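For reference, TrEMBL has these:
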| type | residues | note |
| --- | --- | --- |
| TRANSMEM | 51-73 | transmembrane segment |
| DOMAIN | 193-407 | domain 'AB hydrolase-1' |
| ACT_SITE | Ser226 | active site, nucleophile |
| ACT_SITE | Asp390 | active site |
| ACT_SITE | His423 | active site |
Amino acid sequence: MNQKYFTIELYAKLELCFLTALKMASKCSATKCKLRFLDHFCLVMKHNSSFAVTSLGALFLIALLGAGPTWAFDGIVQKEVFEMPSYTTVGGKVLHKVRVGWEHYGALNESGDNAILITHYYSGTGHAAGRYAPDDKRPGYWDSLIGSGKVLDTDKYFVIASDTLVNLNVHDPNVITTGPASTNPATGKPYGMDFPLVTIRDFVDVQKALLESLGVTSLQAVMGASMGALQAFEWANAYPGMVRRIIPVIGTGQADAYLIARMNLWGAPIRLDPKWNGGDYYGAEPPRDGLEESMKILTLSARHWEWSDGTFDRAWAEEGKDPRAAFENQYKIEAVLDAIARKRAAQADANHFLYLAKACQNFITGHGASLAEGLAAIESPVLLIHTPDDLLFPPERFRQTQALIERDGTPVELVTLTGELGHADGIASIGQAADAISRFLAGNVGRGRYLGE
């Protein structure tokens, strides 16, 4: 809400909200229920200073504060929805009724300047930490970093993560996105390939609109892995006055020719599947076989050969079924990748896969013709985190990115992760960089240099 005063209609809606919430709070023993209502109420209060709290509102706040002990992130999260009536893409196309999901950990301060934005990787979502339910098998992918007393301390920072446009995981009930599988308001049918091409800058611009709607005035950091790193670079280029520092992980300043070609290969099985039908498969049998093969290639691309050798060697998939004896007999690595691909494809959409690949292929910081020019515009300190065994973003590209940013004096620190996973170590082994991230957030950047706040 950006208005500075309340209309009678809005006032009445809040009264109704208070009544409903009070009933829910009286039945809810878990603090998460109470804290969510309190959190949203305080955000509303912040942007509507003229609002006079009614006796009903005061009673509601007393009930919540009396029942709940803390503002701290308790490990349970809820996916929220951000909606834009319309959005104009970098390419000039207008999208109507744009929706993306987001979640947060910690509380926004009064000045709106304690936020850290987490931007997700290619096959990821905005679920960066916590669990949606206590019995969820796995928390968000960077849960080891985000929480009370952790590196991204939710007692200090308001950490926020969102689903991007054209998010891959359309069939995940906890993902909210707008893309080819979404309904085109003009036709009442899915967009399919009529959905306009979107860019990394478009992802960033929608995130900026989300942050502004919440009252975020500046970002302490933007941190993301792989495709999330691309978004971090773009944030620093596009909105230098809003971003204090960036932490790109396993991603560099542009998609080079080799990565462009690799991503073309990722999408090839989808395009070759007859059921893809030029992207017009909604309401019919989707190109499941092609999508599964694409997910298999994607999964393997994010791993290093040391992982495959160390995990599988030449083991057979099934005892007694020698792959040399029959064509259908598999090695264990084949069977495991098939199983992973089936599981991942079940939540994904083929067109979204292709649109994401295109956005990454087209990426160059600043959305211009020159990488040097795009990176030169970055004024925020940079903490680059990479692994030398990354087959998608090799060390040479990180050194190139570092040199181009440092050319005009912008501080850059390069931190190396070790492991056998390759590219995926940027997710799985991020804990190795915990101390470096803490120092960086405190204002210390490599080689003994200190950056004042």
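Note: Cβ is positioned from N, Cα and C throughout, glycine not excepted.
Features per TrEMBL, on structure.
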{"residue": "Ser226", "record": "active site, nucleophile", "Cβ neighbours (10 Å)": "26"}
{"residue": "Asp390", "record": "active site", "Cβ neighbours (10 Å)": "24"}
{"residue": "His423", "record": "active site", "Cβ neighbours (10 Å)": "22"}
Item to check | Conformational class of Ser226 (active site, nucleophile) under the three-state DSSP mapping | outcome: coil
Item to check | Euclidean distance between Cα atoms of Asp390 (active site) and His423 (active site), Å | outcome: 4
Next on the checklist: Can you work out the mean pLDDT of the predicted model over the domain 'AB hydrolase-1' (193-407)?
Outcome noted: 98
